[in-house]
Amino acid sequence: SQVSFEEESQNPPAVGHWKPLMPSKGDKEEPEGGCQDAGGVDEPQSTEQLNVSRLRSSSVEIREKGSEFLRDELHKAQKELKLKDKECERLSKVREQLEQELEELTASLFEEAHKMVREANTKQAAAEKQLREARGKIDMLQAEVTALKTLVITSTPSSPNRELHPQLQSPSKAGFRKGHGRNKSTSSAMVSAASQNVAPEPVSRECKEVDSILFAEFQTWKESPTLDKSCSFLDRIYREDVGPCLDFTKQELSELVRVAVEQNTLTIEPVASQTVPMGKVAAEECGGPKKCALSGLPRTCKHRIMLGDSGNYYYISPSCRARITAVCNFFTYIRYIQQGLVRQDVELMYWEVMRLRREMSLAKLGFYPSEM
């Protein structure tokens, strides 16, 4: 090692024991006895000192070169360490920037998602509101169409309905007609003209008294009108009027008619001068111009019904038509009340409902106008 080498250089070898490493060719070995001469002692000592100085200079040079090499390696290591520190610092900044961008992106995504959910909820609420309004308008239009169909069916040019056209009634009956009349100016004119030619006849006036139970049930239903037959008002009418009025001999077809009336999908039309349609149902089930499909009895059928969009027609007798029409008139009126189309006092609406119930009661007992 370098330390041991320096120690050896500081302690020169003893005189007489050191030998030159590479003796020259001209040198000759001297006998050992010659070393003891006084003239030969100075020359080896100078040679030894020269060799020692050479060794010391070479060791110093080696030590300087070694220290210089180490300094260079240290500088290189320091430079590499600085570069690695800079790289670590740069990567740390990049990581912090990425984390910040990721956090901002996550926050923006959550905000956008909440915004989309709010907009979707708002649009859904608006769509549901429009749907409810559209359904209400559709129900109102369907009710109006049904009312118009009823007017057209119950009054044709061949057999006009005198209840709907007061101008066709006799003066005595037109003057005392009850219910919702049309063309009141014409009726009053006819009454005034008839009073000049015909003597007035005594007419019995009808007395009415409100039933407290029925009126209470109607008032409760009027506060929140519905077509659900579970309420006490409609439950009573179903049991006492609608059910018996639509209870025909053909039970299966009767049930289909009741459902069609409730859903407002039943159609009645006259069959004068029309041939029997070719439907999917057998002719025996549909009846015919000479057989009622609901009662199964041989009757002259002037009208036929169609349930929904099935395309199958069923011929019905005048009595069955009167019963179906009475129930349809009742449902049309309570639909008008439900949709807010009737602007009358509660008591007037109650008496109109009672009048419709009386028509159903008369129809289920077999009474019907001759125009049927």
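Each residue, glycine too, has its Cβ placed from N, Cα and C.
Sequence annotations record features per position, and here TrEMBL assigns coiled coil to 67-151. Marked as compositional bias 'Polar residues' by TrEMBL: 44-58, 156-172, 184-197. According to TrEMBL, the domain 'GDP/GTP exchange factor Sec2 N-terminal' annotation covers 66-149. Residues or ranges marked as region 'Disordered' in TrEMBL: 1-58, 156-197.
Sorting the domain 'GDP/GTP exchange factor Sec2 N-terminal' (66-149) by DSSP state (H, G, I as helix; E, B as strand; all else coil) yields 84 helix, 0 strand, 0 coil. Taken together, the residues in the domain 'GDP/GTP exchange factor Sec2 N-terminal' (66-149) have a mean pLDDT of 89 on the 0 to 100 scale.
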